[in-house]
Amino acid sequence: MMENTMSLLPAYTEVRQRIVQAALNARRDPGSLQLIAVSKTFPADDIRELYGLGQRDFGENYIQEWWQKTEQLADCPDICWHIIGQVQSNKSRYVAERAHWLHTLDNVKLARRLNNQRPEHLPPLQVCIEINIAQDANKHGIAAEALDDLAREVAGLPRLKLRGLMCVAQADADETVLRQQFTAMRQHLARLQTIAPHADTLSMGMSGDLECAIACGATMVRIGTALFGRRHYPK
Ligand SMILES: *Cc1c(COP(=O)(O)O)cnc(C)c1O
C-alpha cells in the first residue's frame with residue numbers, strides 16, 4: 001500500500017472557497033452554509049487531519065465502518081456525526097446512541113425505533129426526511145407526495161427533531177434538470193414548514209453540483225470526492 005502523504009489542506013481550502021463563492025453569487029450569507037465532509041471509505045486519520053484544520057461536521061454512510069471510526073476518534077470528542085446512508089433496523093441503535101444527525105429518514109418504522117432508542121441523556125436526534133427527487137426506482141427516499149404523512153408522524157416523536165429535507169440529485173442531470181430538482185426541494189421545505197415550523201435545513205449538493213444546490217437554497221452540502229479524492233471500494 002502506498003503511504004498517503006498528501007495534505008488535505010489544498011482541497012479543503014478549495015472546497016470552502018467554492019462554497020463561499022457560490023453563496024456570494026446567490027447573494028446569500030456564506031455563514032448560513034454548512035459543509036459536511038463525507039468521509040466514507042477514508043480512514044480515521046483523514047478525518048483527524050480535517051478536524052485539525054477546523055472541520056467538525058462529518059458524514060458517513062456505512063454504520064459499521066462509521067462506528068469503528070468513532071472508537072478511533074475518541075481524541076476528537078466534539079465531532080458532529082451526520083449519517084447519510086441507509087439504516088437497517090438492526091443498526092438503528094448505533095445511530096440513536098452516537099449520531100447527531102440522520103439525513104436519510106424515509107420510513108415511520110425507523111423513526112419510531114430511533115425515538116425509542118435515543119438515550120435520555122442526549123438531545124433529540126436531528127433528522128431530515130430524504131426525498132427521492134429524481135423519482136428513480138433505484139434511489140432511496142420517499143415520493144414527495146408522501147411527505148406530509150411522514151412529517152406529521154415524525155413531528156410527534158419527542159426524541160427526534162425534524163430539521164428539514166435531504167436529496168441526492170440525478171447523477172447525470174444537466175443544469176436545467178438539476179435546477180428543477182433542487183428548486184422543487186425548496187418548495188417541499190416550504191410545505192414542510194407548515195407542519196414543522198422550525199424546519200430550516202435543506203441538505204443537498206455534492207462535489208459535482210454544490211454550486212447549483214447553493215443557488216437553489218441548500219443549507220448543508222455533503223462533499224466527499226472534492227475533499228478526500230476518489231473512493232476505492234473493496235471488491
Ligand atoms: C458519498 C455521498 C456524498 C458525497 O458525494 P461526492 O460526490 O463524493 O461529493 C454525498 N451524499 C451522499 C448521500 C453520499 O452517499
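Backbone N, Cα and C atoms are what each Cβ position is placed from, and that goes for glycine too.
Any TrEMBL annotation is an automated prediction that lacks curation.
Here TrEMBL flags 47-230 as domain 'Alanine racemase N-terminal'. Taken from TrEMBL, the feature N6-(pyridoxal phosphate)lysine applies to K40.
Around the Cβ of the residue listed as 'N6-(pyridoxal phosphate)lysine', 18 further Cβ atoms fall within 10 Å across all displayed protein chains. Over the domain 'Alanine racemase N-terminal' (47-230) the predicted model carries a mean pLDDT of 97.
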